[in-house]
């Protein structure tokens, strides 16, 4: 077992002893916030961990990597990567009773950069995450109509047909790209602010501010709704989905394993990344939340419970999503077959009703044998249920295109639309609670603002500043900017932060000391599983993921998808390379958090060297003066 611990002078003075912990907890009772009850804490952590990615990214990864086969690497890495790091964050926050900034600076002043990096990432992710909530609110407000506004294409100015862009694509595509985003054809073409998105963005930030105005005192109340309602809605959708035609096609397609995918490195890479991101690790929010617990709270049990709920939610949400996707694919398959039947009937002037989906192939063969030349001129569509099921359905495309299309085909579609977007709103809002906690608490720890400022004022200023910067997402190019930040702000930086967190606890704070802390808090030392994963397995997994990601990304040209009605293959999205100036944005978004860790450590080292030099110089001067005055005695 590795027992290396780096020198860490002054640690005993920076952290309270175990004997002092209970005394400090009693002294903080009136000044430091605490959870009203255990359920409130657990719901907040679950709400932060379980977010939009569980609903729209995990199902896509299952479908892309062999269906049920993806569950194998996902569950393995959940156990060896996700749970150990979650336990570590819970335990260190509860032990040191500080936010992410205070925890790492207490372990060693040079590690304060880890807290700064977490704060930067929380800020940037929160910046665009609340814009998604604004889009959800826009769809929610438009759901109180019959028929739904995205169920039909609008007429052109002459009222003689549909708008050309909508006719070429679909009503759901048109409502998303044109009516909602009014998207441009390039990230360089910023355009103007879309007032309806700005209005929804204002509402989203206002609701968030009201919920987090007093930290856990207010978020602790909101999570009773935001963390539980999504499960109610998911269950309602599952019951409804299972009654729809073709739902089982989607579920069977999702969980049918393709074992050969297990030999694909990308499958393991994506599984590791999904486990990592779905736990909301390294944002700093979980450390802050756990610091409000009682000293003797069982953080080990908490980490296991939250992890099980998180993994279960991912699988449960995937089942719900693919029951709906199965229904949508079956509807499209039936429409495709009916179109081909109509083509055959019109081409050979057959009586209506004679040709059905059951005898269609037989009629095709008869028509081809009867009049091969006329049959050859007919254009039939390719109808394959698996091709409809396997269409990429990741991210916003799943929520705002695929699901909205499926909802339009359901009876009482406005009701299902309202329920769906309420669920997304709750998932997004509860995740934002943790993101903002990861910004507000570190800023308080940095003492940038006067201590006499109330938390309500600091929280309000942060929300206002972030809201103003988020105006960029209300432009015509806003979707492209959001995708850019989503790809780089919460990927590599989080991986590096998490690796540094584990290294700091195991090799700077000392894993033996950490074990004694946990024994004091929960009554027993962590078992051999935690020892091995903390010291070796989890850091190694993160290192491998980072190296694979680095090798893959370095060799790739940065591309993004645009919506261009003039594209030859429209309505397919066109892939084009990013302009050169975007690379500077990527370096800033991903580089600033990563570089803040070594840069702050170097700054601390140089500062300490300068202080030692000054102290030595001051001592020499003092001794010289004393000697001259005859004050020194042998």
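Glycine too: its Cβ is placed from the backbone N, Cα and C atoms.
Residue 158 (N-linked glycosylation site) falls outside any helix or strand according to DSSP and counts as coil. Other C-beta atoms found within 10 angstroms of the C-beta of residue 158 (N-linked glycosylation site) number 6, with every protein chain shown included. What Swiss-Prot lists as N-linked glycosylation site is 158 (among others), and the listing cites sequence analysis.
Taken from Swiss-Prot, the feature N-linked glycosylation site applies to 182 (among others). Within 10 Å of the C-beta of residue 182 (N-linked glycosylation site) we count 16 further C-beta atoms, all protein chains included.
Residues or ranges marked as N-linked glycosylation site in Swiss-Prot: 258 (among others). According to DSSP, residue 258 (N-linked glycosylation site) sits in a coil region rather than a helix or strand.
As annotated by Swiss-Prot, N-linked glycosylation site applies to 354 (among others), with the evidence given as sequence analysis. Contacts of residue 354 (N-linked glycosylation site) defined by a Cβ separation under 8 A and a same-chain sequence distance of 6+ are given as 345, 363, in order along the sequence.
Just so you know, the Cβ of residue 368 (N-linked glycosylation site) picks up 13 other Cβ atoms within 10 Å once every protein chain is counted. Feature annotation from Swiss-Prot assigns N-linked glycosylation site to 368 (among others); the stated evidence is sequence analysis.
Look at Swiss-Prot and you will find 555 (among others) tagged as N-linked glycosylation site, backed by sequence analysis. Neighbour density for residue 555 (N-linked glycosylation site): within 10 A of its CB lie 7 other CB atoms from the protein chains shown.
When secondary structure is read from DSSP and collapsed to three states, residue 17 (phosphoserine) falls in the coil class. Sequence-distant contacts of residue 17 (phosphoserine), defined as residues of its own chain at least six apart whose C-beta falls under 8 angstroms from its C-beta, are absent. Taken from Swiss-Prot, the feature phosphoserine covers 17 (among others), and the record attributes it to a large-scale study or a structure entry.
The phosphoserine feature in Swiss-Prot is assigned to 627 (among others).
Per-residue pLDDT, averaged across the topological domain 'Extracellular' (63-67), gives 79. What Swiss-Prot records for 63-67 (among others) is topological domain 'Extracellular', and it gives sequence analysis as the kind of evidence.
Sequence-distant neighbours of the topological domain 'Cytoplasmic' (89-119) (same chain, 6+ residues past either end, Cβ-Cβ under 8 Å): 8, 11, 14-16, 21, 24-25, 28, 32, 281-291, 293, 295, 297, 299-300, 302-303, 438-439, 441-446, 493, 496-497, 500-501, 504-505, 508-509, 514, 517-518, 521, 593-594, 596-601, 604-605. The topological domain 'Cytoplasmic' annotation in Swiss-Prot covers 89-119 (among others) and is backed by sequence analysis.
For 141-192 (among others), the entry in Swiss-Prot reads topological domain 'Extracellular'.
Helix, strand and coil counts from DSSP across the topological domain 'Cytoplasmic' (214-221) read 6 helix, 0 strand, 2 coil. Swiss-Prot lists 214-221 (among others) with the feature topological domain 'Cytoplasmic', giving sequence analysis as the kind of evidence.
Within its own chain, the topological domain 'Extracellular' (243-268) is flanked in space by residues 59, 62-63, 65-70, 72-73, 77, 318-319, 322-327, 329-331, 333, 385-386, 389-390, 410, 548, which lie at least six positions past its ends and keep a Cβ under 8 Å from the stretch. Annotated topological domain 'Extracellular' per Swiss-Prot: 243-268 (among others), in sequence order.
Under DSSP, residues within the topological domain 'Cytoplasmic' (290-304) fall into helix, strand and coil as 8 helix, 0 strand, 7 coil. Residues or ranges marked as topological domain 'Cytoplasmic' in Swiss-Prot: 290-304 (among others).
Per Swiss-Prot, topological domain 'Extracellular' is recorded for 326-413 (among others).
Feature annotation from Swiss-Prot assigns topological domain 'Cytoplasmic' to 435-456 (among others); the stated evidence is sequence analysis. Residues of the same chain lying 6 or more positions beyond the ends of the topological domain 'Cytoplasmic' (435-456) and with a Cβ under 8 Å from any Cβ of it are 98-102, 105, 115-116, 118-119, 121-123, 125-126, 129, 208, 212-216, 219, 283-285, 288-289, 462-463.
By the count of Cβ pairs under 8 Å, the stretch nearest in packing to the transmembrane segment (68-88) among 42-62, 193-213, 222-242, 532-552 is 532-552. Counted with DSSP, the topological domain 'Cytoplasmic' (435-456) comes out as 14 helix, 0 strand, 8 coil. All protein chains shown were included, and the count of other CB atoms within 10 Å of the CB of residue 258 (N-linked glycosylation site) stands at 14. Touching of the transmembrane segment (457-477) and the transmembrane segment (582-602) is ruled out by the presence of fewer than three CB pairs under 8 A, sequence neighbours closer than 6 excluded. Contacts between the transmembrane segment (305-325) and the transmembrane segment (269-289): present, as 3 or more C-beta pairs lie under 8 angstroms, all at sequence separation of six or more. The transmembrane segment (532-552) and the transmembrane segment (193-213) are not in contact, since fewer than 3 Cβ pairs between them lie under 8 Å (pairs 6 or more apart in sequence).
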